[in-house]
């Protein structure tokens, strides 16, 4: 009687063989290691990336509050995510836009294979969490310098629950209605950036503007700190787009390269436009161009070729620049809404642009590598090339339907949440607190100027310091 042949992994070195207790046969160690690394890269974009960027981009009196809004959102989203958010976004179907509510905390569930990829649910929960967290932090960018912190504490879990999870399930869950229809959102141009841009703009409308003085003069308190945060954001995008194939494969490599190529092209385009029309190269402008490029390539990173990434970068450097520098100044609505970090232009406009350009440039072979369904995804330009123009137009139509769905969802849900929150606490700080800033809201300030931590505006401390100095000079 012949014996059964040994399993394939029997011939591997001892250190590479699966251990059924800690390394089951379905798990790929390399994919799992990369997925955890990519998730950490994305987490660093928020903590400390956007914390530093926001803290340096605002007036000194708002540095602590702006950074704190980001830090709070990161922590709050994680608890909400494991308690109910993840299963609403990626769990069993309740309706075509939402999963069944459940926790993602049980050992049995967390150690099972994820819905995609060769790694456990625990890895997927963490990876998807950092995407959810950065979405809320991007919304905060539109509200810096005036939102009541207690209102923000309520807004974060409500928006995560009733907006983000719906968008994520509809577009990213294999059972979501837009995912089944064939819409392409490689890494979050819709789920993260379009939604945060629209939600931030809508929330800014309900919260109201900063003080007139702050709107007219709101210089960054530390541009070098902004650059440090922007650098973390750019480099962290390696995990943002490189992690979405859920494997350490050739598509991840292509997505990473396309991400940086598009971002560089977008930054340079914005820089050139600033020089041509304003005669000065602006580092703040280049940061905006960088962000727009990162956002634009996100829905397309692993499904377009390198030349398309450059074209998308030129478009993302030019079109959001035009909407921000020209359209914004002529639109009464855009001027009325005080969007502190211009997230509408760099995220809503750039995200929509990226989604539409994806519908033009999506290459069928690359889509097959990512989705594993050859012929189901086809950019319009390739449709003309192959004679399948109807399918190309269908792809563009799906991309536009996605823009409409995410936009309408976030206007309605964000408005309802703001109206609910303001029944409990004011959305906006009082005029007295707006004049003072961090010290009034948190009792803390970002920079200690005088002596051992004494504040710049602490008159008693200044007088004591001057008196001591005078006394020392007299003795001398």
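Placed from the backbone N, Cα and C atoms, the Cβ positions cover glycine too.
Keep in mind it's a predicted model, so treat the numbers as computed, not measured.
Per TrEMBL, transmembrane segment is recorded for 33-55 (among others).
Residues or ranges marked as domain 'Ammonium transporter AmtB-like' in TrEMBL: 33-447.
The annotation transmembrane segment is assigned in TrEMBL to 67-87 (among others).
Same-chain neighbours of the transmembrane segment (125-144): 35-36, 38-39, 42-43, 45-46, 50, 54, 57-58, 62, 65-66, 69-70, 73-74, 76-78, 81-82, 85-86, 89-90, 104, 110, 152, 156, 159-160, 164, 168, 188, 191-193, 195-197, 199-201, 203-204, 207, 240, 243, 339-341, 343-344, 347, counting only residues six or more beyond its ends whose CB sits under 8 Å from a CB of the stretch. Here TrEMBL flags 125-144 (among others) as transmembrane segment.
What TrEMBL records for 151-170 (among others) is transmembrane segment.
Among the features that TrEMBL reports, transmembrane segment is placed at 190-208 (among others).
Annotation source TrEMBL lists transmembrane segment at 220-240 (among others).
The annotation transmembrane segment is assigned in TrEMBL to 252-276 (among others).
What TrEMBL lists as transmembrane segment is 283-301 (among others).
If you look up TrEMBL, you'll see 307-327 (among others) marked as transmembrane segment.
Sequence-remote contacts of a segment are chain residues at least 6 beyond its ends whose Cβ falls under 8 Å from one of its Cβ atoms, and for the transmembrane segment (400-425) they are 148, 150-151, 154-155, 158-159, 162-163, 166-167, 170-171, 178, 181, 183, 185, 190-191, 194-195, 198-199, 202-203, 206-207, 348, 352, 355-356, 359. Annotation comment: TrEMBL describes 400-425 (among others) as transmembrane segment.
For the transmembrane segment (307-327), the residues of the chain that approach it from at least six positions outside its boundaries are 257-259, 261-270, 273-274, 277, 285, 288-289, 292-293, 295-297, 300-301, 334, 342, 345-346, 349-350, 353-354, 357, 361, 363, judged by C-beta separation under 8 angstroms. The transmembrane segment (33-55) makes contact with the transmembrane segment (220-240), as judged by at least three Cβ pairs under 8 Å among residues 6 or more apart in sequence.
Here the transmembrane segment (283-301) touches the transmembrane segment (220-240). Their Cβ atoms form 3 or more pairs under 8 Å, with each pair 6 or more residues apart.
When Cβ distances are compared across the two stretches, the transmembrane segment (190-208) makes contact with the transmembrane segment (151-170), since 3 or more pairs at least 6 residues apart fall below 8 angstroms. Among the stretches 67-87, 151-170, 220-240, the one making the largest number of Cβ pairs under 8 Å with the transmembrane segment (252-276) is 220-240.
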